[in-house]
Amino acid sequence: MNKNTITTQVVVLGSGPSGYSAAFRCADLGIKTVLIEQFSTLGGVCLNVGCIPSKSLLHIAQILNDTKILKNAGISFNKPKLDLFQMKKWQSEIILKLTNGLKSMANARKVQIVHGYGNFINPNTLNIKNNETEITLNFDQAIIAVGSTPIKQNFIAESSEKIWDSTDALKIRFIPKRLLIVGGGIIGLEMATIYHALGSEIYISEISEQIISSADTDIIEYYYNNIKNKFNIMLNTKINNLKISGNNVYVELYDTKYNKIKNISCHAVLFSIGRNPNGKLINVQDIGVEINQSGYIKVDKQMRTNIPHIYAIGDVVGQPMLAHKGMYQGHIAAEVIYGEKHYFDPKIIPSIAYTYPEISWVGITEKEAIKNNLPYESSVFPWSALGRAVSSGQNGMTKLIFNKNTKRIIGGSIVGCNSSELLGEISLAIEMGCDVDDIALTIHAHPTLYESIGRASEIFSGTITDFINKKTKSKKLI
């Protein structure tokens, strides 16, 4: 094995959205940067086996679902034929296009890419190994962006093509006739959306009393009413036992609310029960970097660890495990290294489930407002009164949360088609400290889906005319 030594100002471990954002920002600031990636392509979990491949399959699912809506308009299609090989080829081409784009941007910025597995030897040195070379890398500053991995099930020790995590599910090896998904969070529901559209009968077991437990109850109830005839959802339910026999997987489930046992057989089981941070896998604890009880690396608001020249960003530092959060943290870390007095102190971090319909929320939820005893009022505009939604066969609702005293918007949730794309106005309004009139008096184009944000604001201000106004005033005209 060849041996080599590299010296750099900054090394970034991990080339996911957090890592490449940090590396590219460092380079743009004139800092000599090396980017370490253990796999052959850049982009990390998100680009290669997470966000992007799942969204490509969710795009297919949405089109398949939309064709069913057209039946009521007098347009019918034959049952679609699935070519899994071509589907995976199409998905791979999307990933390749984006990973090649990252490689080109790294080269244009003169970021040195080193492929291999990196471990800390001491606070200023990394050992990097690949199949051909062992590299000693000396650095002045380091940014840890090594991400997370799916939590593994512990019912069957040996691997099986019938027991999946989210990475396995996105490989689309086969379409199971009956699929059990353990975990009713965002990833579990997105996988349910994909496989139901492709023909699977879906069962979901969720240990808590609500799927996507962090979202507001009325939002999830609306979503549930849209999918209750598609998915078999079992709340307050955990898995007791699992065994594989022949072509079937036999699962014993336990209903914790009613103290009942339920047995089902299926053809694959997807475990979507969360993710673990990868910090311990690169020996950070051996060089003195502090890690909390959950395995997350401790950082301050400038993304510094307890060792001042070592930073950490993204999934490895804590919830929420979202690419857009990590990308922002990557910029902060790079700018702090450059000498800027910048801090990670966001007002909001948007959350989105790319389901059918989509579920999106940002800022303070009604649950949080109640828990924190905030003076709030919620304003809900149903899409049944929204011309664009009705004309395109879509259902949904837009909900805004206002501070009663200041009239400022503090949160918002939308369930419906493309709600992820509608969230931007709400996010910006919260960041800018907008009050209800700032939104309600802004002319929203008609007919559009984002118009619902303006209408929900008008409900709160008492100026709505496209819906029943419960805040009408009585005044004699002179």
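Just so it is clear, glycine is given a Cβ too, placed from its N, Cα and C backbone atoms.
No curator has checked TrEMBL annotations; they are predicted automatically.
What TrEMBL lists as FAD binding site is LYS55, GLY118, ASP315, MET321, LEU322, ALA323, HIS324. With a cut-off of 8 Å between CB atoms and residues at least 6 apart in sequence, the same chain places PRO17, ILE349, PRO350 near HIS324 (FAD binding site), listed in sequence order.
Positions annotated as NAD(+) binding site by TrEMBL: GLY183, GLY184, GLY185, ILE186, ILE187, GLY188, LEU189, GLU190, GLU206, GLY274. Counting only same-chain residues six or more apart in sequence, the Cβ atoms lying under 8 angstroms from the Cβ of GLY185 (NAD(+) binding site) belong to ILE211, ILE212, SER213, SER272, GLY274.
Among the features that TrEMBL reports, disulfide bond is placed at CYS46-CYS51.
In the predicted model, residues of the domain 'FAD/NAD(P)-binding' (9-330) average a pLDDT of 95. If you look up TrEMBL, you'll see 9-330 marked as domain 'FAD/NAD(P)-binding'.
When the recorded positions CYS46, GLY183, LEU189, GLU206 are screened for a C-alpha within 10 angstroms of the C-alpha of LEU322 (FAD binding site), the residues that qualify, in sequence order, are CYS46. Recorded residues LYS55 (FAD binding site) and ILE187 (NAD(+) binding site) have their alpha carbons 11 Å apart, per Cα-Cα distance. Across the structure, LEU189 (NAD(+) binding site) and CYS51 (disulfide bond) are spaced 14 Å apart at their Cα atoms.
Note: GLY183 (NAD(+) binding site) has non-local neighbours ILE204, SER205, GLU206, ILE207, PHE271, SER272, ILE273, GLY274, i.e. same-chain residues 6+ apart with C-beta under 8 A of its own C-beta. Of all Cβ atoms in the shown protein chains, 16 besides its own fall within 10 Å of the Cβ of LYS55 (FAD binding site). If you measure from the Cα atom of ASP315 (FAD binding site) to that of CYS46 (disulfide bond), you get 11 Å.
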